[in-house]
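Participant: First the structure, which I've put down as structure tokens, then a few questions once you've had a look.
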Amino acid sequence: MVEIVRLFARPLPIDQVTLKATAINLIGAGRPYMRAFHFSWLSFMVAFFGWFAIAPLMPSIKDSLKLSKENRNDSNTISVSSTILFRVVAGLLCDRLGPKRVMGIILVLGAIPVGLAGLAHDLTSFLILRFFIGALGATFVPCQFWTMQMFGPNAVGSANAIVGGWGNMGAGVTYLVMPVVFDGFKHHFGSADTAWRVTLVIPAIIIFIVGLCDLLFTDDCPQGKWEQRNDYSQNNGNLPVKEVHDATEKKSEVINDVDSEKNIKVVPHVKPGLEAYIRALLNPNVIILVFMYACSFGVELAVDNAIGSFYHEHFHLTQTKADLIGSIFGLMNIFSRASGGFISDILFSKYSIRGRLFFQFFILFCEGVFLAVYKYSLHSVPESIIILVLFSYFVQACCGTTYAIVPFVDPPIVGTISGIIGAGGNVGGLVWSYVFRTYTHETPKAFFIIGLCVLGISFTTFFLKVQGRMLIEFNRKK
């Protein structure tokens, strides 16, 4: 029960050396730790809400703008591909400006193209708007970077996974909410064309409001302002005195392996720039994690864009019914991604970094199996939903296990690494979207091919070497 209590720790234990929280209090909202925690997932969720707001409305948009299936898939590809650029830039800006400003600015500016999407009148204008809406996907980088600043290494896996998972849940919320709002406006205006255009204004307003709250009511790091991040004095006035107590004595109780990694040391951030990117790209672990995230979050992006239309066309369901089924995939994030990071933290406490690596392999392998099996479950809607739930769990849990490893790769440039790996997820989304486009009329085959690719990538876990440890070690000196 010790591990579960850590999610509701009161008072919140703070490491006196790093000033980072060593546990989580999900029902707390105090500054700086839990305020940042809750705004990070809320911001990412509303960003996802806006980023994928078009997907559940695509059948109506397709008819209104006279789009072909290929046009629809092209727009999905553009929405995902533009995020690659924005995520890389976001990683650099996080290291330079801090997470809350980057998050707030992306949301405030990203709300604009979402609100204007209803003005699209042809394929070209629609594609341009989807390109800029893709900027909202970059919020993932400050979302993860934010919790990395607030939580210590024994809790950061759970923190990253929870905020990432609850944020990704925005895709499920989109599939659940947008069809209902659309039906209401359609009933009011009597026109599907007008209804989808007005519906897209709703997420734009929500995104803008949350972005302003980020800028006004949150902190970048335990010390408060980003400019003070290297001040490790507890008397800087930003930390609640009742929450600051020594958590180090618990560390020796949970780490059994004397050769396991110690807590991430207090290290100054490397000045962001070209040098940091080169340093990250020359690290084999970063490249492997890029491929792994492409096979988890990348798959999630591609499926989020395709799942509603697939059920609409394959099973001949109405737009609303197909979207309700599609919402299952996104709503699984309420626990799936979080469980990935949480279990990774537990295994870390018992088996050091090798525990995280083992779980990474297991989750990726199972994901590949169920993605491939999905092709053979499409004889009926209930049967397909069962396999959908299973592969969605492993897809999303893998996102959590991947980012549970990220903080340990190279701590001084963790923001840059987070941005690169996050962009890798979008590259994966682009690749898998292309697979769906190639097999537009054979979507089940696309799922099968993606599953085989994920199975292959799962074995790259054996090449990861994080803080000197590998999953399988030969002739290691005791």
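From the backbone N, Cα and C atoms, a Cβ is placed for every residue, glycine too.
Feature annotation from TrEMBL assigns domain 'Major facilitator superfamily (MFS) profile' to 36-469. The annotation transmembrane segment is assigned in TrEMBL to 39-58, 102-121, 127-147, 159-182, 194-217, 286-312, 324-348, 357-378, 384-406, 413-434, 446-466.
Mind running through what each feature is packed against?
Facilitator: Long-range Cβ contacts of the transmembrane segment (39-58) within its own chain (Cβ-Cβ under 8 Å, at least 6 residues beyond either end) map to 72, 75-76, 79, 83, 99-100, 103-104, 106-107, 110-111, 114, 117, 130, 133-134, 136-137, 139-140, 142-144, 146-147, 162-171, 173-175, 177-179, 182, 196, 199-200, 203-204, 206-207, 210-211, 213-214, 217-218, 304-305, 308-309, 319, 323, 326, 330.
Among residues of the same chain six or more beyond the transmembrane segment (127-147), those with a C-beta under 8 A of the stretch's C-beta atoms are 36-37, 39-41, 43-44, 47-48, 50-51, 54, 74-75, 78-83, 86-87, 89-91, 94, 99-100, 102-103, 106-107, 109-110, 112-114, 116-117, 119-120, 156, 159-160, 163-164, 167, 207, 220, 297, 301, 403, 406, 414-415, 418-419, 422, 425-426.
Here the transmembrane segment (357-378) has long-range neighbours at 292, 295-296, 299, 314, 340, 343-344, 347, 351, 384, 386-388, 390-391, 394-395, 397-398, 401-402, 405, 444-445, 447-448, 450-459, 461-462, 464, 466, 469-471, meaning same-chain residues at least 6 beyond its ends whose C-beta is under 8 angstroms from one of its own.
Long-range neighbours of the transmembrane segment (446-466) within the same chain, counting only residues 6 or more positions beyond its ends whose Cβ lies under 8 Å from a Cβ of the stretch, are 261, 284-285, 288-289, 291-292, 294-295, 299, 302, 353, 356-357, 360-361, 364-365, 367-375, 391, 405, 408-409, 432, 435-436, 438-439, 472.
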Participant: So if I exclude everything within five residues of the ends of the transmembrane segment (159-182), which remaining residues of that chain have a CB under 8 angstroms from its CBs? That is, six or more out.
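Facilitator: Here the qualifying positions are 24, 26, 37, 40-49, 51-53, 55-57, 60, 139-140, 143-144, 146-148, 150-151, 192, 195-196, 199, 202-203, 297, 300, 304, 308, 319-320, 323-324, 326-342, 344, 396, 399-401, 403-404, 406-407.
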Participant: Same-chain Cβ contacts of the transmembrane segment (194-217) under 8 Å, 6 or more residues past its ends?
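Facilitator: For the transmembrane segment (194-217), the nonlocal Cβ contacts are 35, 39, 42-43, 46-47, 49-50, 53-54, 57, 60-61, 64, 100-101, 103-108, 110-112, 114-115, 117-119, 136, 174, 178, 181-183, 185-186, 188.
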Participant: Rank 102-121, 286-312, 324-348, 384-406 by Cβ pairs under 8 Å to the transmembrane segment (413-434) and hand me the top one.
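Facilitator: Top-ranked stretch among 102-121, 286-312, 324-348, 384-406: 286-312.
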Participant: Any chance the transmembrane segment (384-406) and the transmembrane segment (102-121) are in contact, meaning at least three CB pairs closer than 8 A with a sequence separation of 6+?
Facilitator: no
Participant: By Cβ distance under 8 Å, which residues at least 6 away from the ends of the transmembrane segment (286-312) in the same chain are close to it?
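Facilitator: The answer is 52, 55-56, 58-59, 72, 76, 79-80, 137, 140, 168, 171, 175, 280, 318-319, 321-323, 325-326, 329-330, 360, 364, 367-368, 371, 381, 388, 392, 395-396, 398-399, 402-403, 405-406, 409-410, 417, 420-433, 435-436, 443, 450, 453-454, 457-458, 460-461, 463-464.
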Participant: State the residues, same chain only, that lie 6 or more residues beyond the ends of the transmembrane segment (324-348) and have a CB under 8 A from a CB inside it; answer 'none' if no residue qualifies.
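Facilitator: Same-chain contacts beyond the ends: 3, 7, 52, 56, 153-155, 157-162, 164-176, 179, 300, 303-304, 307-308, 311, 317, 355-356, 358-360, 363, 381, 385, 388-389, 392-393, 395-401, 403-405.
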